[in-house]
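The Mg(2+) binding site feature in Swiss-Prot is assigned to ASP81, ASP123, LYS124, GLU499; the stated evidence is sequence analysis. Taken from Swiss-Prot, the feature [2Fe-2S] cluster binding site covers CYS122, CYS195, and the record attributes it to sequence analysis. The feature N6-carboxylysine is assigned by Swiss-Prot to LYS124. Positions annotated as active site, proton acceptor by Swiss-Prot, on the basis of sequence analysis: SER525.
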Amino acid sequence: MPKLRSATSTEGRNMAGARALWRATGVKDNDFGKPIIAIANSFTQFVPGHVHLKDMGSLVASAIEEAGGIAKEFNTIAVDDGIAMGHGGMLYSLPSRELIADSVEYMVNAHCADALVCISNCDKITPGMLMAALRLNIPVVFVSGGPMEAGKTKLSDKLIKLDLVDAMVAGADSNVSDEDSAKIERSACPTCGSCSGMFTANSMNCLTEALGLSLPGNGSMLATHADRRELFLEAGRRVMALAKRYYHQDDESALPRNIANFKAFENAMTLDIAMGGSSNTVLHLLAAAQEADVDFTMADIDRMSRLVPHLCKVAPSTPKYHMEDVHRAGGVMGILGELDRTGLLHTDVFHVAADNDGTPGSGTLKSVLAQYDVMQTQDEKVKHFFMAGPAGIPTTKAFSQDCRWPSLDNDRQEGCIRSREFAFSQEGGLAVLSGNVAENGCIVKTAGVDESNLTFVGSARVYESQDDAVAGILGGEVVAGDVVVIRYEGPKGGPGMQEMLYPTSYLKSRGLGKACALITDGRFSGGTSGLSIGHVSPEAAAGGTIALIENGDRIEIDIPKRSIKLAVSDVELNARREKMHSLGPMAWKPIGRQRYVSLALKAYAMLATSADKGAVRDRSKLED
């Protein structure tokens, strides 16, 4: 039987000092010997997705203590990618993922916690905590802050739905009046919560459900809805149940590495492709798989992208549906249910929402779907749960409303979630492309690509940084038929692998959204749509071919064939490569870029791998 990790600091006379300190935190005589559950919160007033999390740790703690545990909360950092976007602040976003993972590891291991609840929400916080949880491999439950309500406003007497990207595009579009732009800005983000579309934050919170590490509704239940309160309480109860299974019953199925195994990663990626999730999820799943020692790679993602249909289309890929609509249609469990009916899901994997009593099928995703898939459940409480809807009242308060949709969206032919027969497309919403531009692959969110752009041939317009690209787009340098190439923005080259939401938004605002392509060794916001190809690997700073592209080069993109090709002969490419090598210390570096890179970012760049490895640390540089 495994011994409580916390016994290291609570048992024996030699730990009298440690016990004295535990007592000073509120631990009583009869508490010693109970499991100590760490609560990793990420409350901050900087981020709308986290501004309401201040009291969530206490809520989880109350359930833990009622179930017989000791709850101890700590906080970690959270960067708002939207606020950090478009300036030097974005250099810090992806590196913050590693800091979050490390900070959770440091706190949990320094204090010998027995189990963990992760209260996350936005872009790098859920992935960072996920990496830490799989690194630590102690019982864990994830519970996020939830998505914000979609914005709504009237323009030209027509009610429209809005999100953050609409505000950015309107602000850059000279054809939109100052009055309408201000109206959109004030309406785009009406409540607390992660941005309302299938952007990175919501994509990752959905994926934790598919990985088996969070409860049904985690990815889709609105932050403002009163029903979300129960998710926090249940997270506390579930983590205690998992801790008891592991420490009292020697049940290793309660550990995250036995839940999030290879099959679970396939389930998560299958969901991601089916719902057209953010391309950033590829980066984060690859990173999490490395922490879990799961051999899940770009090759697996490429294979799956050819098999999985696109069953759920959500903003930014369409203005019609947002996360509140996904929830009404059954949330993640609704999508997984449809995938199960197509034979594309592993349902024999363990899940934190299910009790494992040793009987066949218990504790698995199959039993969770039986209860929570709205198309098969007989549980009226579950149906009531998925009818939770928006109130349309601006607020920063969690659990502030209890509005319901009049009915569930069970329309699998024309609704938000479709059956395979009526899929938005028979190939999913993400694809891996490869070719001489990206020998190790690159990612495109096909859910956001217009059908007319699935194949594209154009002339390269090369920029050495996002800043130069923005200036070029706004200055009229980019014209229809161009392939905008933004390089030296990868994990090493940026450093930090900036998101390119501003360049794509500005292309849209100038009417070039369907007339141009954009490729980069950087990445894209979950809010990006259009022919935007990111994660080019190897990156320019690591000797990738993207560094050798010249203005006017012909670039051929063929998404159905999964190819991206620089139409330059091997002889010419080799000559360019030799010329680059001849530059010595200046080789594989941006020409003329003016950018301050702090010591912290330089340290990150020294160990960062390219995107095809998840942009994690290069372990070969750390291990003997």
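Keep in mind that glycine also has a Cβ here, set from the backbone N, Cα and C atoms.
The binding-site residues CYS122, CYS195 differ in how many other CB atoms lie within 10 Å of their CB, and the one with the most is CYS195.
For the pair formed by CYS122 ([2Fe-2S] cluster binding site) and GLU499 (Mg(2+) binding site), distance between Cα atoms is given as 15 Å, rounded to the nearest Å. Here the binding-site residues are ASP81, ASP123, GLU499; the one with the fewest Cβ atoms within 10 Å of its Cβ is ASP81. Calculated from their C-alpha atoms, the gap between ASP81 (Mg(2+) binding site) and SER525 (active site, proton acceptor) amounts to 8 Å. You'll find the Cα of GLU499 (Mg(2+) binding site) roughly 5 Å from the Cα of the residue listed as 'active site, proton acceptor'.
Across the structure, CYS195 ([2Fe-2S] cluster binding site) and ASP123 (Mg(2+) binding site) place their CA atoms 10 angstrom apart. LYS124 (Mg(2+) binding site) sits 12 Å from SER525 (active site, proton acceptor), taking the C-alpha atoms as the reference points. Sequence-ordered, the extra residues of this chain that approach the Mg(2+) site, with Cβ no more than 8 Å from the Cβ center of ASP81, ASP123, LYS124, GLU499, are VAL79, ALA84, MET90, SER93, LEU94, CYS122, THR200, ALA201, ASN280, SER525.
The Cβ of LYS124 (Mg(2+) binding site) has 29 other Cβ atoms within 10 Å, all protein chains considered. For the recorded site, CYS195 ([2Fe-2S] cluster binding site), the DSSP three-state label reads coil. The local packing around SER525 (active site, proton acceptor), expressed as other Cβ atoms within 10 Å of its Cβ over all shown chains, amounts to 30. The secondary structure of GLU499 (Mg(2+) binding site), as reduced to three states from DSSP, is extended strand. Here ASP123 (Mg(2+) binding site) is positioned 9 angstrom away from SER525 (active site, proton acceptor), judged by their C-alpha atoms.
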